[in-house]
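Peer 1: Got a structure for you, written out below as structure tokens; questions coming shortly.
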Amino acid sequence: MSHIKNLIPNTVNPDLQKERTGAEFNVEEFSAWWQGGQDKLKTKREIEKAIFSDLEDGYGIDHEYMSHEEVYNSSVKKVADAAIKLKALQNKLNPGGNDIWPGVLFNVHSHGLFPANHPVATHITMFVDVIKGQGTPEQVEKWGKAAENCNIIGTYAQTELAHGTNVRGIATRADFDPKTDEFVMHTPNLEAYKWWPGGLGHTANHAMVVAQLYIADVHHGVQMFIVPVRDAETHMPLPGIDIGEIGKKLGMVSVNQGFLGLNQVRIPRTNMLMKFAKVERDGTFKASPASRVNYLTMVYTRCLIVNLNSTLLLEAATIATRYSAVRRQSPIEPNQPEPQIIDHVTQRLKLFPEIANGMAYHLAAEHMWEMYAQTVQEANNGKFDRLPDMHILSCALKVLCTTDGCAGIEKLRLSTGGHGYLTAANLSNIYGNAVAAYTYEGENTVLLLQIGRALVKAWASFVEKKPLSASYSYFATSMQLKEFPKWDNSWQCIIKALQYTAAQKTRIAFENLANRMASGQSQGVAANNTGIELVRAAELHGRQFVCQTFLEQITGAKAQKRSAALNKVLENVLELFLVQTVLNNLNDILRFINLTDADLRSLQKRLEVSLEKFRPNAVAICDGFEFHDRVLNSVLGSYDGNVYPRLFDSAKRSTMNQKPVQKSFETYLKPLMKANL
């Protein structure tokens, strides 16, 4: 037994308190801005007090010592228990709304309520919203309300065992039978089994199945169908349904991703979502007024992904930054006390750019949600002009946020040294949740190639002097320049440099694609051979958009609502983000822009100065994100900064430490030690 009692003190680590006292802005103002206003911040805190205050000791770590099946069943219990709390809280704080129930099942609070994830998130984020967004009023009435209240639980079944991002390649069929007014849903082969939908394994009793529609053996594209998969009372699979879980993954422990095979399963004609495309009783097919209307679902989901991954990145940054303010190591001056590791410039370079990245992507996502709302409103009124742009921008944002976010979380884990390797640090769980988004809802390289093809198509229109949408307006402004103007170190100069480089990379990709086709290559082969250039142009297109959006969010009209002190801090975050973006992309920028040695030295100096200015505010900025300790679920990142007591307390909780000698000692270890080998 340990002689150390009362492990975790009730006080805040003095180093962490010193950081908070030294902040140069009001954290409460930052928090209110970050949450979208003081009222939202107040509501957030009320929700957290209600849902987190009575959680039992060990709530966030116990699942680490459970079996796979135990973790799943425990998470289902947590959802059921939370539902009672959340429904009551919804009625109390916002009757008739959905921000608490079921909203908390997938927002940041869910990270604290469900530390091993849970299997109902796909139901809430996709099944419900697809019905509401693409169902007729009658379909929304029939399924929407029941689904929103979890009276039925669904999932979104698009990906197949052998078909993912290429939606057109999906092989599941829906054949209309005019005699019975039904669709016959069928999985033609093993490769066409639905694979990966969250909650499908043992949780959902309905699936939103994406399938190829055929009427009298004539193909009518990809449509969506609501298919019951389990009995409402017994939960047993229905006839013709082959269903189960796909097995353990790197992360998302209890999301219960599943497989689904359909063997001549019949559903009513009215189970096809028909807000846009329709099949009449006589089998007449009415196409959607916009062939890309189904992209609305993917745009919505990609916006959610950016919200999620920017949040996960900032959670990791908060953990690593707080730890770096507490951990002391490696004197900077000989014979001096060990400093906080946050005082090492190299440590700051690991931490602060990731905070800036998370903030940039969060604000870009907020901007995308505004654009999405406008797009949906226009689509409801029969206007679909904005859809292609939204699709491309959401692809770019999803790719960059997940790529940078995953790399950032791993960098932050490494910044915490050996302790970050412990599951109790929660960085591995955060990474496992984040990295899955690199491939779901469109594998990142495939999405970049889609963006690249859209870019060269837009460039062709530009060359032919045809009108372009606003997201490609930088083509004209960039190509009007005979050469890039003298570098003046302004933020606008950085934005224009990124746009100029993106335009030039698009031009080269376009020209090389055209040259390959002129030499006799087919369009497909030429596009494949131009893939490296298309991907790079696509990435730069996305980066200039994120930088431009971040600049507008920090320096635009909204800045007038913030104090000068807060704006000064935010402008330094912007400075760090823009300078780091330039430095990370110099290999392309220098190809088209003549930067002098003095310009490059200036950029390096600006990086170092921005890191120095960031230093006194880093902990306070992370506090401003308002991550509850239950959400971070980390021995390294708690608000009180009592890292070492929490590490030791966590170790004592290991199930192996509940008895001094393991049974393997007598059976195996002792004989081994006694043997004369």
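Glycine is no exception: its Cβ is also placed from the backbone N, Cα and C atoms.
Keep in mind the model is a prediction, meaning the values are calculated, not measured.
Pulled these from TrEMBL:
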DOMAIN    26-153  domain 'Acyl-coenzyme A oxidase N-terminal'
BINDING   T159, G198  FAD binding site
ACT_SITE  E441  active site, proton acceptor
DOMAIN    491-674  domain 'Acyl-CoA oxidase C-terminal'
Peer 1: Once near-sequence residues are set aside, which residues in the chain of T159 (FAD binding site), 6 or more away, have Cβ atoms under 8 Å from its Cβ?
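Peer 2: Non-local contacts for T159 (FAD binding site): K194, W195, W196, P197, Y440.
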Peer 1: Given the model, what does the mean pLDDT over the domain 'Acyl-CoA oxidase C-terminal' (491-674) come out as?
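Peer 2: Averaged over the domain 'Acyl-CoA oxidase C-terminal' (491-674), the predicted model reaches a pLDDT of 97.
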Peer 1: When the domain 'Acyl-coenzyme A oxidase N-terminal' (26-153) is classified with DSSP, how many of its residues are helical, how many are strand and how many are coil?
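Peer 2: So the domain 'Acyl-coenzyme A oxidase N-terminal' (26-153) is made up of 87 helix, 0 strand, 41 coil.
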Peer 1: Could you round the CA separation between E441 (active site, proton acceptor) and G198 (FAD binding site) to a whole angstrom and send it over?
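Peer 2: A Cα-Cα distance of 12 Å.
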Peer 1: Residues with Cβ closer than 8 Å to the Cβ of G198 (FAD binding site), same chain and 6+ apart in sequence?
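Peer 2: Within the chain, G198 (FAD binding site) has Cβ neighbours under 8 Å at P119, A121, T122, H123, T155, Y156, M252, V255, N256, Q257.
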